[in-house]
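Asks: I am attaching a structure below and will ask some questions about it afterwards.
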Amino acid sequence: MDHLTMPKFGPLAGLRVVFSGIEIAGPFAGQMFAEWGAEVIWIENVAWADTIRVQPNYPQLSRRNLHALSLNIFKDEGREAFLKLMETTDIFIEASKGPAFARRGITDEVLWQHNPKLVIAHLSGFGQYGTEEYTNLPAYNTIAQAFSGYLIQNGDVDQPMPAFPYTADYFSGLTATTAALAALHKVRETGKGESIDIAMYEVMLRMGQYFMMDYFNGGEMCPRMTKGKDPYYAGCGLYKCADGYIVMELVGITQIAECFKDIGLAHLLGTPEIPEGTQLIHRIECPYGPLVEEKLDAWLAAHTIAEVKERFAELNIACAKVLTVPELESNPQYVARESITQWQTMDGRTCKGPNIMPKFKNNPGQIWRGMPSHGMDTAAILKNIGYSENDIQELVSKGLAKVED
């Protein structure tokens, strides 16, 4: 396979990934591949570009390092071109409503006829099969959270609240990335392709597993948090200091003992309710749970964040200031690790945002390109798979492809 023009870098150099999907979930999977060195082709509708393009800044992050192909993959010669592209593709990711591709004639079996080793990842809200009531429904972040039992666990004791920004989309995208790589590992052993069915609600069901297990195996459901505090454990969660907010985790035998001395509860250690060796204090089951919270709230409110961080560092209690977004860039840890970076957009502007993660030591990722324009790489991609200039112009004239203006 001849590759498109791009630098060679990262652990996935030489891999070809194609994705079809809009907004966040499916494209986030593609973005991860692109930042780790894969050649990633982003398929967009010919008439209407990805709706993410209306956002002024986010797509410059989420679509960097991509090659843009504008092609009607379901109709006539456009479909033929898509299937031709699949012959040299390692991983194909599609995000749609249920088995939308199969309904339009592009089944797994059709794809495998053109590439028996192809890894296919289907990403949808409710999966590729199930009941007629749900399978074909549209889904976004909040839908997946609501249907999975994840949303009902979040928010305050008085009202559930979805987790933002777009948690279900990002979790589902990462699931598609890891599942596709797992499948590719097996394909390279067996030579036989794989199809992966990723339902966003099942991803979020798994992400919400911690508290659910008590219900599934005992019938008790943990209540939602109160003012950002862990619903299970005292001394864990969000707390207010004299000049702002921190989060902390009061976990460990020594940590609890030393903290209790500071907040005036040392006399409770060694009691039947908080015996020696206690590593966590259950907010509900321990009768002293509310008292621990009361004393801790009072102590923290009387101290600044700097004082709390200094003292908790001495006691080895996990703690962090709740940073505002403007504080991120100047934070010394961010600076040392270059967590925020800059890159050039296709029109020459400077864009700033999160750097590539995680950091590979021997084969690091890199940002080599900004977000491509609609149809920017259509001609190059079609030429790469054997199409002539005349072939490409014919696709364009029939409205089956769009090339850059």
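Note: Cβ is positioned from N, Cα and C throughout, glycine not excepted.
Positions annotated as CoA binding site by Swiss-Prot, on the basis of sequence analysis: K97, R104. According to Swiss-Prot, the active site, nucleophile annotation covers D169.
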Asks: What is the number of other Cβ atoms found within 10 Å of the Cβ of K97 (CoA binding site)?
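Replies: The Cβ of K97 (CoA binding site) has 14 Cβ neighbours within 10 Å.
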Asks: Determine the Cβ neighbour count for D169 (active site, nucleophile): the number of other Cβ atoms within 10 Å of its Cβ.
Replies: 23
Asks: Going along the chain, which residues six or more apart from R104 (CoA binding site) have their CB under 8 A from its CB?
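Replies: Counting only residues 6 or more apart in sequence, the Cβ neighbours of R104 (CoA binding site) under 8 Å are F74.
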Asks: Measuring Cα to Cα, how many Å separate K97 (CoA binding site) from D169 (active site, nucleophile)?
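Replies: Each residue's Cα considered, K97 (CoA binding site) and D169 (active site, nucleophile) end up 14 Å apart.
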Asks: Going by DSSP, is D169 (active site, nucleophile) sitting in a helix, a strand, or coil?
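Replies: Where D169 (active site, nucleophile) sits, the three-state DSSP reduction gives helix.
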